[in-house]
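These come from TrEMBL:
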{"type": "REGION", "residues": "411-442", "note": "region 'Disordered'"}
{"type": "TRANSMEM", "residues": "12-30", "note": "transmembrane segment"}
{"type": "TRANSMEM", "residues": "50-73", "note": "transmembrane segment"}
{"type": "TRANSMEM", "residues": "94-115", "note": "transmembrane segment"}
{"type": "TRANSMEM", "residues": "183-209", "note": "transmembrane segment"}
{"type": "TRANSMEM", "residues": "245-268", "note": "transmembrane segment"}
{"type": "TRANSMEM", "residues": "274-295", "note": "transmembrane segment"}
{"type": "TRANSMEM", "residues": "302-326", "note": "transmembrane segment"}
{"type": "TRANSMEM", "residues": "346-379", "note": "transmembrane segment"}
Amino acid sequence: MKFKINNKYLHWGLTAFAVIAAGITFYYFIFNSSNIMLGVGAAIDILKPVLFGLVTAYLLTPALNFVEARILIPVCDRWKIKKSARRKKVIRALGILITAFLFVALIYILISMLVSQIVPSVQGLIDNFDSYVDNVSGWITQVLEDNEDFGNYVTKTLNKYSEQFENWVNHLLPETASLIRTLSLSFIGILDVLWDFVIGFVISIYVLASKEQFASQAKKVVYAVFERNTANTVIRNFRFTHRTFIGFLSGKIVDSIIIGILCFIGTTLMGTPYAMLISLIIGVTNIIPFFGPFLGAIPSVILIFVVDPLHPLNALYFAIFALALQQFDGNILGPKILGSSTGLTGFWVIFSITFFGGLFGVLGMIVGVPIFAILYAAIRSMVNSMLKKKSLPSQSDEYENVEYIDEEGLHLTPVKAKQPKEKKRRKTHSGTADTEEENGKQ
């Protein structure tokens, strides 16, 4: 007798097995999460050079595309070099060479600026720290002499916290050896990161050389795993994600460089001390949306005031200049460069920065806006699709004054504004007066 497999029981058996396997997996993840995180951390440490290479290649892709499309291909067309596989390889090799050279040159310029301008500024700030403290102390003493009550309050507060500071110093001195050991390990960690970055840069060259091949292989896998319509949706979403990320990050970097240059020009003309250091702070923090200009301006104003507290107007002038620069960036330069790359309102920008900044720190504050823009677009697409199935409009303005939707679901019934009672009475009186006039005429 030939044994036949009952598809019904097979289906239930596979379902039960999947449920049990999922339950065991969930249990393992819950009660062994620390071991899993250790394994994930070890894998990330091993793959760190590869991750550096992928991120670097992704950030350099727009520059490579620009060099090829705007420089190398027009030059080849002008020299009447026929299109061929060899020409394509030569263009790619020259494009990678030019892009890598510009990238290394940019890093060299930044390091040279750091060494030649920023380091002396910081060194001068450290060397003159005692005089700055004396200046601030003299200014505080003068203020306290003019305000006796306020001076007594400040004296009590300083006496209170001076004891805590003394206890902290006494506790810190025995920990000097461990502090030196920690700094040594930090220096070794910095060298390790630099080595990973060098290896990652080499990997990025290979990724850029074969980026079309990697993209083709990824598309092939997507079409092999999913159905045609689902695969098209996945690829379309990946393209949207790419445009949002690369448009926002590249635009924000260019915007921050321009703001840093304008800040250096303005601070130099105003004679602001440590102009290069302050401009670097303003430019770097400007990469963070919304909160960045404030994070850069506040310590810069404090630094200017500490350097010369006898002339507080210098700090005030810089604060006004920084505010004007921030308004120029937010209303003119930023929209011109970034455009509508995210499609988010101001509230959602603040929300995304706060949320992702709390999760991932400074990196989350930088990439939180494009990540949330992608999630926002995905949710909006799902909602619009569900509304379309119900034959309802997808524009948010259509629902502004809606009280309810008719049973047919074909149109929306707006809320009727209630008229004030005084107006109703006036209309009633005017109506009766008009009626009496008409009766008199008759």
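A Cβ is built for glycine as well, from the same backbone N, Cα and C atoms used for every other residue.
Remember, TrEMBL labels are computer predictions, not curated facts.
Per-stretch counts of Cβ pairs under 8 Å to the transmembrane segment (183-209) identify 50-73 as the leading one among 50-73, 94-115, 245-268, 346-379. Residues 36 of the same chain lie 6 or more positions beyond the ends of the transmembrane segment (12-30) yet place their CB under 8 Å from a CB of it. Remark: the transmembrane segment (50-73) makes no contact with the transmembrane segment (346-379), by the rule of 3 or more CB pairs under 8 A. Using a Cβ-Cβ cut-off under 8 Å and counting only residues 6 or more beyond its ends in the same chain, the transmembrane segment (346-379) has close neighbours at 237, 240-241, 244-245, 248-249, 252, 287-292.
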